Amino acid sequence: MALLQPAPEVLELFDNILLLNDGEVMYHGPREQAVPYFESLGFVCPPDRDVADYLLDLGTDQQYQFEVAKPHASFSLQTPRLASEFADLFRQSATHQDVVQALDAPWSSERLHDAEQHLVKMPEFRQSAWAGTWTLIRRQTTITLRNVDFIRVRALMVVVMGLIYGSTFYHVDPTNIQVSLGILYQATMFLALGQSSQTPGFLAAREIYYKHRRANFYRASSFAIASLVALVPTSVAECIVLGSLVYWMCGFITEVGYFLVFLLFITLTNLALCGWFFTLTTMSANFNIVKPMTTFSIVFYIIFAGFVVPMGQIPDFFIWVYWINPVAWCLRSVAVSQYRSPKFDVCVYAGDNYCEKYNMTMGEYLLSEYDIPSGKAWVWAGAVYLIFVNVFFAAVSSLILEYKRYDVSAGAAVVASSTEDKTTSAQAEEGQQQQEASYIKYPTKKSLPTLSS
């Protein structure tokens, strides 16, 4: 319990006290030995002075009123002035040695037995992994659905953009592969990259997670899974609304099976990008870092999706980016699903015999224009890969949350000594005002010590 200027009655309730000043331990030991100890250093407590006030004045400019010169000693040598000097003297005292010996002493058999019976068997988490995950899923889903303003704005954007895409490319000619593939690409990118707006919320939730994890409320994996699963309802709703408008208005294959495949892939890609942005927030110290990293990664998703730059034109040293890009897998799978359907996988279409001209069906030829492999196995290979990406991002973010944290651990504060200049103090005050700064506590000058018990 930490106290500043406690009443005498309150101080009498404690057996041991800890006197801190500028991050230095000036005294730590029995309460009744505190006054005799400081009197041995040359500081006498007046009869009309409270013990707590007397202790709090030590190490400050007010300590002169208690100073008593020792005989046969220089006044500058016998009287400590700084908190560090008090700390050095305390480390040499018998009280400190008693504390050290008590800490180094072996545990009694009774305490070891109690620890074995009660502490060793106590689980780290009260809930099981599944129960904790389910509890967090319900909590995160409730938090997500309570953000009504965000949901309304996002819903309006999805409807408007769906109508714009559908009306602009109404019943597009399927032989124009550039336009058809562009519609699929733009719809996928709009939904997927719209998830970048979730990063501020992810950062805010991470701060709460740090506090809860220190108290062993739940596992890091439970938090990561719940944070991503909570986005499934809104992501699925966005994909259904935008996908329905774009798919049916633009004139893709009018069969439910192909439409469901289209919805499946844009939903998986949407969730994969959610997982990516969530992973970025777990590895970034603050928003000033995650924002440029998000923008930088979006550039790679756009360029190496296989539409802006076809696969055959990507340099060899960058082709690996294309093969790990979830957007590229989505675009490839949906394109193969559409153009390898019985409607387009024919030799003659619109009066042109593609088998005679190109030795390929109409669908295979159009896919080859963008270097898209035409094997039907790529459809479900894309589904497997996107599921793997979602699981991978959840696992990576869980590991980062567990082993790499940006919160300030207990006792990690850096405190300035009373001899530091005003420049350091001014820089410290400026650093404290930056909300997005790092998690290091900057030094500030405080003349009053803190009495803890």
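Along the chain as shown, residues are numbered 1 onward.
The backbone N, Cα and C atoms fix where each Cβ goes, glycine too.
Curation does not apply to TrEMBL; its annotations are automatic.
Residues or ranges marked as compositional bias 'Low complexity' by TrEMBL: 426-437.
Annotation source TrEMBL lists domain 'ABC-2 type transporter transmembrane' at 133-339.
Annotated region 'Disordered' per TrEMBL: 419-453, in sequence order.
The transmembrane segment annotation in TrEMBL covers 153-171 (among others).
Residues or ranges marked as transmembrane segment by TrEMBL: 183-205 (among others). Outside the transmembrane segment (183-205) by six or more residues, the chain places 140, 154, 157-158, 161, 165, 169, 172, 227, 231, 235, 238-239, 242-243, 246, 250, 262, 265-266, 269-270, 272-274, 277-278, 280-282, 284, 286-287, 290-291, 294, 298, 301-302, 305, 307, 326-327, 330-331, 334-335 with a CB less than 8 A from a CB of the stretch.
For 217-236 (among others), the entry in TrEMBL reads transmembrane segment.
Per TrEMBL, transmembrane segment is recorded for 256-278 (among others). Within its own chain, the transmembrane segment (256-278) has Cβ neighbours under 8 Å at 184, 187-188, 191-193, 195-196, 198-199, 202, 224, 227-228, 231-232, 235-236, 238-240, 242-243, 247-248, 294, 297, 301, 326-327, 329-330, 333-334, 337-338, 341, 379, 382-383, 386-387, 389-390, 392-394, 397, counting only residues six or more beyond its boundaries.
According to TrEMBL, the transmembrane segment annotation covers 298-323 (among others). Sequence-distant contacts of the transmembrane segment (298-323), counting only residues of its own chain at least 6 positions beyond either end whose CB sits under 8 Å from a CB of the stretch, comprise 181-182, 185, 189, 192-193, 196, 273, 331-332, 370-372.
What TrEMBL lists as transmembrane segment is 377-401 (among others).
Long-range contacts of the transmembrane segment (217-236) within the same chain: residues 125, 127, 129, 132-133, 135-137, 139-141, 143-145, 151, 154, 191, 195, 198, 202, 205, 209, 267, 270-271, 274-275, 278, 282, 390, 393-395, 397-399, 401-402, each at least 6 residues beyond the stretch ends and with a Cβ under 8 Å from a Cβ of the stretch.
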